[in-house]
Amino acid sequence: IPDHITPSPVTDLRLVGGVNATEGRVEIFFNNTWGTICDDSWDFRDAEVVCRYLGFESAIEALSNGYFGAGDPDQPIWLDDVDCFGSENIITSCLTSRFGVHNCVHLEDAGVRCYLSHPLVRLVNGNTEGEGRVEVFHRGSWGTVCDDHWSEIDANIVCQELGFAHAISASGFATFGEGSGTIWLDDVQCDGTETTIFACPNSGWGNHNCLHSEDASAICTAIPVNPNPVQLIDGPSINEGRLQIYYNNEWGTVCDDRWGLDEASVVCKSLGFPGADRDKYLLHDYGLGSGHIWLDDVVCTGEEFFIQDCNHGDIGENNCAHYEDVGLRCLPNTLNIRLVNGDNTSSGRVEVNYNDEEWGTICDDSWDIRDADVVCRMLNFKSAQSAPREASFGDGLGVIWFDDFLCAGDESSLLDCSHAGVKVHNCRHSEDASAVCSMMAVCPDFSQAHGRFRVSNQHFGRYTQDTRVVVACDDGYQPTEGAANVVCLAAGTWSPHMPACSASCPLLTPPDHSSLSTMETTPGLTVTLICNRGYKYNAASSGDRSVVCGFDGQWNSTLGSCEIVLCPSYSSNVTANVRVTVLRGSGTTVGTTLSFSCPDSSHIMGNAVISCLDSGAWNGTVPVCTGAAPTNCPRLALSDHVLVTSQDTSINTVVSFSCDQGPRHLHQHSSFILL
């Protein structure tokens, strides 16, 4: 037991070494020093006086022979041969030896065990028995605990002392209202191993530098911490998948032998869902697991907190393969929402009904316009005008479901936002959150760094339809993609882009044989490499055809390079008697034009002139020279109903075509010259 309040020059008492504040070795404060009492003549009547002085109702037992351990060797033994009638107010009113006179050693230190009909710790002013201001009983009266150094470790000890599993919140600043009377404890610093708050180090009974506005609080839960967590994996949503359990530092699966709805319900509730889907409590739709199969033959009543609390075979013992791994679907969490106590349906205190249990409120810690935006959209409004706090529409009643919401503002439900946990809070209803909604869409907020942003036509302080922003950026910065004048559209989007000033990117140097689509370096702009005629983008180069100027002032990649375009070599196709003349260009580069000719005794068959195209292909083939020039063309093959002006096939003969009588017309040329 820690020190009492500093006593008057008379004496004071404390109990030391017991498992709680109701028992221990009796120590008495005299001459500014704590000392013990020898057990000579020590009996129940002496214990009664000690217990009543300390605020207990009576004594249970008087103990001797250093039952609660011997005092420190350098501690004095102040009293011996104590003999009380039992009605005295303090031990020094009893018959006793003079202070410091004894014939004892500390192995004879006296102790007591006292009776109290109520706990020594309680939680006051909460909405449930598991939350409230922490109060402790000492010297016959209830007092508070100051929040200096108060932590969840300390709150855990209080919760466990009251029969709860653990604490889910430890708060100060008189969260559950200011207490009255004595502030009994301050600077409580438990290490987590104590069985009572009275065993934790502190500044001493009544020693503090606090006001009641600093009273400490705790919120407890009866649900224990799962020593072997479970998870659902490989499912399409967070509420379904293959079941895994964590044991011995490894995740493993559960076999489906004897698996049913009760077993699935225990898993789902331990994961925070309302229960299991009655039609999908056993599925094999999520693939085969791997590693250990930790559990088999699981049988639950449905009332257990965790799956390992159910009957099952020895961990790791099974007659299963992974094709028998349990998969399941839990019922999704639901959240109904309403606005209460406002002037109309668009404003009021935010109240939620979680999983169809009961209506309750949301605490306003971290509550802002982004959280209210989500609330309003859930109620089919387009945005929030404001996010009032501190129970602006009156204190609610019942459970406080959530606290510490941190929404981005674009979520479809509050359940998609980060929060402290279901029923985890350090609040009272005087902190209930509210919302005022609007049918006007709101454009997203934007950073106003590195420039001047002139905003006009706002509504209720937000960027709504027709809000205009004119951007003037600082030196070295440019408007995103050059958009220096943007407007908020009815859909809640900025046009052409969200206003921003971003660092300009370094000037790009075009690679050899190329130019760029633009020399601008505006953030968000795409610049594309354009190769000169006769060159093409080199896909094997270490770079990209297009790069983007990032909002950090850096290009997202480097530019590639261009390579020359060449047509195939023609020399291997040139026969001995064909003469080649280069009319333009050189070799096989794009734009090269070749002319072919034959000796006077020969005739050229094929293209007399060919060129190398941009695609890297010749527009014709290398011709050949024949011994004699032809005198006639092949006889024409005529289609039905086609008439010809001449059947002559001599060179330079002109032949015309026409259709016979009827509604017909030529689909090709109406005349040819025979070459």
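In case you wondered, yes, glycine gets a Cβ from its N, Cα and C as well.
Among the features that TrEMBL reports, domain 'SRCR' is placed at 13-115 (among others).
If you look up TrEMBL, you'll see Cys84-Cys94 (among others) marked as disulfide bond. Here Cys94 (disulfide bond) comes close to Asp46, Val49, Val82, Asp83, Cys84, Phe85, Glu88: these same-chain residues lie at least six apart in sequence, with C-beta atoms under 8 angstroms from its C-beta.
Residues or ranges marked as domain 'SRCR' by TrEMBL: 121-221 (among others).
Sequence annotations record features per position, and here TrEMBL assigns disulfide bond to Cys146-Cys210 (among others).
Annotated disulfide bond per TrEMBL: Cys159-Cys220 (among others), in sequence order. Here Cys159 (disulfide bond) comes close to Gly130, Ala165, His166, Ala167, Ala218, Cys220, Thr221: these same-chain residues lie at least six apart in sequence, with C-beta atoms under 8 angstroms from its C-beta.
If you look up TrEMBL, you'll see Cys190-Cys200 (among others) marked as disulfide bond.
Residue counts for the domain 'SRCR' (230-331) under DSSP, split into helix (H, G, I), strand (E, B) and coil, are 16 helix, 30 strand, 56 coil. The domain 'SRCR' annotation in TrEMBL covers 230-331 (among others).
Annotation source TrEMBL lists disulfide bond at Cys300-Cys310 (among others). Other Cβ atoms within 10 Å of the Cβ of Cys310 (disulfide bond) number 19 in total over all chains.
Annotated domain 'SRCR' per TrEMBL: 337-438 (among others), in sequence order. Shown for the domain 'SRCR' (337-438): DSSP residue counts in helix, strand and coil, namely 16 helix, 33 strand, 53 coil.
Sequence-distant contacts (6 or more apart, same chain, Cβ under 8 Å) of Cys363 (disulfide bond) comprise Ile400, Phe402, Asp403, Asp404, His425, Asn426, Cys427, Glu431, Asp432, Ala433. If you look up TrEMBL, you'll see Cys363-Cys427 (among others) marked as disulfide bond.
Other Cβ atoms within 10 Å of the Cβ of Cys437 (disulfide bond), summed over all protein chains shown, number 26. Taken from TrEMBL, the feature disulfide bond applies to Cys376-Cys437 (among others).
Positions annotated as disulfide bond by TrEMBL: Cys407-Cys417 (among others).
Annotation comment: TrEMBL describes 441-503 (among others) as domain 'Sushi'.
Here TrEMBL flags 506-564 (among others) as domain 'Sushi'.
Look at TrEMBL and you will find 565-627 (among others) tagged as domain 'Sushi'. Sorting each residue of the domain 'Sushi' (565-627) by its DSSP state yields 3 helix, 24 strand, 36 coil.
Residues or ranges marked as disulfide bond by TrEMBL: Cys598-Cys625 (among others). Sequence-distant neighbours of Cys625 (disulfide bond) (same chain, 6+ residues apart, CB-CB distance under 8 A): Thr575, Asn577, Val578, Cys598, Pro599, Ser602, His603, Ile604, Met605.
Note on Cys210 (disulfide bond): other Cβ atoms within 10 Å of its Cβ, all shown chains, come to 19.
Compared over the disulfide-bonded residues Cys84, Cys407, Cys417, Cys427, Cys598, the count of CB atoms lying within 10 A of a residue's CB peaks at Cys427. Residue environment of Cys200 (disulfide bond) contains 20 other Cβ atoms, counted within 10 Å of its Cβ in all protein chains. Taking pairs at least six residues apart, the domain 'SRCR' (337-438) and the domain 'SRCR' (121-221) share three or more Cβ pairs below 8 Å and count as touching. For Cys300 (disulfide bond), the nearest of the disulfide-bonded residues by C-alpha distance turns out to be Cys417; the candidates were Cys190, Cys200, Cys407, Cys417, Cys437. For the domain 'Sushi' (506-564), the model gives a mean pLDDT of 90. Cys190 (disulfide bond) counts 22 other C-beta atoms within 10 Å of its own C-beta, drawing on all protein chains shown.
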